[in-house]
Amino acid sequence: AKSGACNLSHKNIREQGRFLQDVVTTLVDLKWRFTLVIFSMTFLCSWLLFGMFWWLVAFAHGDLDPNPKPGVEQCVTNVNSFTSAFLFSIEVQVTIGFGGRMITEQCPTAIMVLILQNIIGLIINAVMLGCIFMKTAQSHRRAETLIFSRHAVIAVRNNRLCLMIRVGDLRKSMIINAVVHLQVVRKTTTPEGEVIPIHQIDVQTESAVASNSIFLLAPLIICHVIDKDSPLYDLSAMELQCNDLEVIVILEGVVETTGISTQARTSYVTEEILWGHR
């Protein structure tokens, strides 16, 4: 697509358990609504689980009896129901500490539950907040300000027939070591008769000697010379319009402000390639 998204859908995936083996990447790749639901449900379920543990500790110690024994102190003060145990679980995990409920020295089990909940709570905070940060700071967001021309053109430039596209950067911060790759995707048939529905052919740009590296200071024209080695060499203007091919442009580089690699992509189908234009 023009935005760089691939119009492909994955179906009949049998080994779906592999997505759970890489939970962090799966959470980052999910849509925002699913990520926020998982984020909320993870904390809520942990609060409910440890609220049940605190209720069981209070029940085993006899703190829930309506007529408590005189001189016996509670494991956790003011925990008299599951609701109060759930509130105490929230206070422990998010360290709010209103002061109405607190742990005492009567139960070693309660101390172990307190330590366990703090450790698990820190792990949940690290994973969930890390996923949210990675999702908001994804490198492809920087590619939103890398603009490609809406059309590609084929015209004579420097006495050579060239395929040209234009790319520019809207931000003042530079893209370091920017490299442009061009690919022609088309359906081909091998001499043995094998049909390759998506055949990716790399094409060279005019700056191939310099490893395709560009200095994206101002909008630049990326030029591909259509010579005998080009997959577009045998196509005329009429044949190009009737041919089913796609030119994919990939720009890669390092963001100057963050040092993170980014990639911007766009696509040109035959209807978007203008012959004889500038």
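Cβ coordinates come from backbone N, Cα and C, glycine included.
Curation does not apply to TrEMBL; its annotations are automatic.
Database features (TrEMBL):
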| type | residues | note |
| --- | --- | --- |
| DOMAIN | 2-138 | domain 'Potassium channel inwardly rectifying transmembrane' |
| DOMAIN | 146-278 | domain 'Inward rectifier potassium channel C-terminal' |
| TRANSMEM | 36-57 | transmembrane segment |
| TRANSMEM | 110-133 | transmembrane segment |
Residue numbers, six or more beyond the limits of the transmembrane segment (110-133), whose CB comes under 8 Å of its CB atoms: 24, 27-28, 35, 39, 42-43, 46, 50, 53-54, 57, 75-76, 89, 92-94, 103-104
Spatial neighbours of the transmembrane segment (36-57) far in sequence, C-beta under 8 Å, 6+ residues away: 27, 30, 64, 75-76, 79, 81-82, 85-90, 92-93, 107, 109-110, 113, 117, 120-121, 124, 128, 131-132
For the domain 'Inward rectifier potassium channel C-terminal' (146-278), residues assigned helix / strand / coil by DSSP: 12 helix, 74 strand, 47 coil
Per-state residue totals over the domain 'Potassium channel inwardly rectifying transmembrane' (2-138) - DSSP helix, strand, coil: 83 helix, 2 strand, 52 coil
Mean of the pLDDT scores, which run from 0 to 100, over the domain 'Inward rectifier potassium channel C-terminal' (146-278): 86
